[in-house]
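Only one structure is covered here, and it is reproduced in the block below.
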Amino acid sequence: MSVDSNRLDTLLKENRRFAPPEAFRAQANFNDPGIYERAAADPEAYWAEQAGNLSWFTPWDKVLEWNPPHAKWFVGGKLNAAYNAVDRHRQGPRKNKAAIIWEGEPGDSKVYTYDMLGREVDKAAHMLKSLGVKKGDRVTVYLPMIPELPITLLACAKIGAIHSVVFGGFAANSLRDRILDADSRILITADAGWRRGSLVPLKKNADEAVEGTSVDTIVVVPRVGEKAGVQLVEGRDHDWNALMAQQPATPFEAEPMDAEDILFLLYTSGTTGKPKGIVHTTGGYLVGANTSLRSVFDIKDEDVYFCTADIGWVTGHTYIVYGPLSAGATVVMYEGAPDFPDRDRFWDIVEKYGVTIFYTAPTSIRTFMKWGPQYVEKHNLSTLRLLGTVGEPINPEAWMWFHVHVGKEQCPIVDTWWQTETGCAMIAPLPGITETKPGSATRPVPGILVDVVDEQGNSVEPGNGGYLVIKKPWPSMLRTVWGDDERFRNTYFGKFEGIYLPGDGAHLDEDNYIWILGRIDDVINVSGHRIGTMEVESALVAHPSVAEAAVIGRSHDVKGQAITAFVTVKEGIEANDALVAELKQHVATAIGAMARPEEIIFTAELPKTRSAKIMRRLLRDIAEGRVLGDTTTLADPSVVEQLKTLYKD
Ligand code: 6R9
């Protein structure tokens with residue numbers, strides 16, 4: 001197992017502690033430390049109790065059916081996710097409460113109360129139905145961060161269709177792969193999106209992506225308007241507004257879904273070139289999402305909650321849409337970049353709407369650090385009471401900066417470790433109970449049994465590192481990989497029988513706190529985005545000049561990790577700066593801008609083991625300057641040979 005050794009060095013030196021402020025503890029939803037033990041003694045009873053916070057059409061007969069690696073939760077129960085996220089709040093005192101406060105990048109904004117959101121969701125559900133969408137159909141969604149995105153997801157949930165959101169930063173090829181894998185016949189997109197004042201050509205990408213797929217219907221939200229210059233294809237494309245205007249104003253009856261019916265697919269990168277469609281079901285997922293809003297995020301009716309993620313990733317699914325809305329919260333949703341028009345945009349939003357809970361990524365915090373505290377100090381952030389981070393390990397300096405400059409040393413920080421596959425936060429402090437240590441996600445949340453184990457699967461002693469594992473099923477766990485149960489078994493349950501392997505390394509300290517060390521597989525975490533090395537390698541070798549490519553993640557001050565590609569070119573091709581630029585652009589076009597390599601190093605040969613495995617650890621050492629200084633080419637094969645002698649198979 002190879003993990004980030006720099007991180008291990010820093011975290012072993014970290015000994016600061018932060019107890020929950022007394023005032024926070026006193027008002028917290030979860031403030032009895034006994035909850036951990038009670039949940040551990042009977043996790044099923046704990047989860048059943050939490051499930052009682054949702055509205056069920058039919059109660060479940062059995063909490064858990066566990067046939068490893070397959071779990072069924074709340075067996076026999078029936079509910080609807082959109083009903084829980086919207087309709088039930090329309091009937092009580094939250095009817096006119098703000099559900100979504102949306103801020104567009106150019107400065108436009110909209111507020112949807114629960115009642116207004118409900119009406120839009122109902123209309124969108126009527127619209128999907130009129131387009132022939134039925135329960136169980138997959139709807140691919142490729143939208144910017146505009147209100148129509150959560151509305152579409154909730155409309156799918158309302159009729160029982162399965163949504164598959166593809167992040168708007170993905171290129172046409174990536175979108176096509178996901179459409180094909182999910183076998184969708186309908187795509188919801190926008191004419192274009194705004195990013196730093198420029199247009200993201202979503203419809204253009206969508207036109208390219210649907211060729212050769214079974215998509216016969218595209219609904220286009222006119223976000224940008226004329227400037228986007230898009231054409232609707234007669235018979236295939238529809239204008240969102242025109243369709244919505246034709247729908248009846250009558251309520252749409254929520255489809256009673258079985259707890260185990262699929263709510264959504266979300267594709268994520270793995271160790272092969274093909275992304276996995278992670279399958280989440282309705283009951284367990286919603287119980288997990290809802291519970292963590294109350295426990296980890298201490299959500300209250302008065303809160304104004306702002307999560308800076310994009311709904312194209314799991315964080316946005318759980319912590320912009322299903323978690324906060326099922327808890328009846330007010331959610332702030334922002335469309336654009338943190339530095340548009342200036343570097344204080346997030347703080348401007350916090351002040352403008354009186355945000356109380358702010359959830360972001362370590363890479364953003366490191367960017368704010370680089371920009372300097374003056375942008376934060378321009379604004380009154382006194383409404384903030386709780387901060388959170390997600391997506392990658394946070395380095396203690398970034399944690400402290402967040403604590404001092406944003407939280408003014410008053411706000412607990414919840415560092416939440418979880419994955420697309422886990423559905424909701426698994427390792428995180430309960431802010432009214434758990435003492436925090438900068439850089440540690442602390443301990444598993446109640447009802448989750450996490451451990452750190454050695455190669456044989458034995459628990460390590462405190463003070464040691466190993467594989468992070470989850471030993472018991474939990475409600476919001478993935479159920480399978482769409483269309484590939486074998487891959488589900490092998491990837492997550494193949495190493496240790498009946499035990500979930502997330503693919504992260506971890507260190508357990510003397511207080512049994514967990515420190516995540518990073519991925520142990522071929523997944524790179526660039527600014528919190530998971531990118532498979534194989535995906536980038538496949539894109540590179542698809543270029544006519546490239547013979548072979550090996551891609552690694554090297555540590556990067558702001559992004560956490562950056563992509564370095566080692567490339568051998570074909571006979572007669574000149575490896576020059578122009579080709580570097582061309583290959584970087586080629587990857588961005590094939591996958592999306594977040595996969596653009598930071599650097600490309602040409603080499604006459606790739607270092608391989610005798611069993612022909614690329615020696616990634618060697619390449620990482622080279623990229624991080626431990627072996628060759630700042631060499632940018634490995635042209636001399638004898639250098640590679642010499643290097644190989646430093647490493648064993
Ligand atoms: C929610 C999300 C999952 C991977 C995960 C791990 C890394 C996420 C983290 C963290 C350390 C945290 N990760 N949160 N590492 N501390 N608080 O990010 O899902 O995109 O599937 O990524 O991200 O490596 O395995 P996803």
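The count begins at 1 with the first shown residue.
Glycine residues also receive a Cβ, built from the backbone N, Cα and C atoms like all the rest.
Under the heading domain 'Acetyl-coenzyme A synthetase N-terminal', TrEMBL lists 35-85. Mean pLDDT of the predicted structure over the domain 'Acetyl-coenzyme A synthetase N-terminal' (35-85): 98.
Taken from TrEMBL, the feature CoA binding site covers Arg195, Arg196, Gly197, Ser198, Thr315, Ser527. Counting every protein chain shown, 11 other Cβ atoms lie within 10 Å of the Cβ of Ser198 (CoA binding site). The DSSP secondary structure for Ser198 (CoA binding site) is strand.
Per TrEMBL, domain 'AMP-binding enzyme C-terminal' is recorded for 535-613.
Residues annotated as N6-acetyllysine in TrEMBL: Lys613. Sequence-distant neighbours of Lys613 (N6-acetyllysine) (same chain, 6+ residues apart, CB-CB distance under 8 A): none. In the three-state DSSP scheme, Lys613 (N6-acetyllysine) falls into the coil class.
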Fewest Cβ neighbours within 10 Å, where candidates are the binding-site residues Arg195, Arg196:
Arg196
Any idea which of the binding-site residues Thr315, Ser527 has the thinnest Cβ neighbourhood at 10 Å?
Ser527
Cβ under 6 Å from ligand 1: qualifying binding-site residues of Arg196, Gly197, Thr315:
Thr315
Taking helix as H, G and I and strand as E and B in DSSP, count the residues of the domain 'Acetyl-coenzyme A synthetase N-terminal' (35-85) in helix, strand and coil.
21 helix, 15 strand, 15 coil
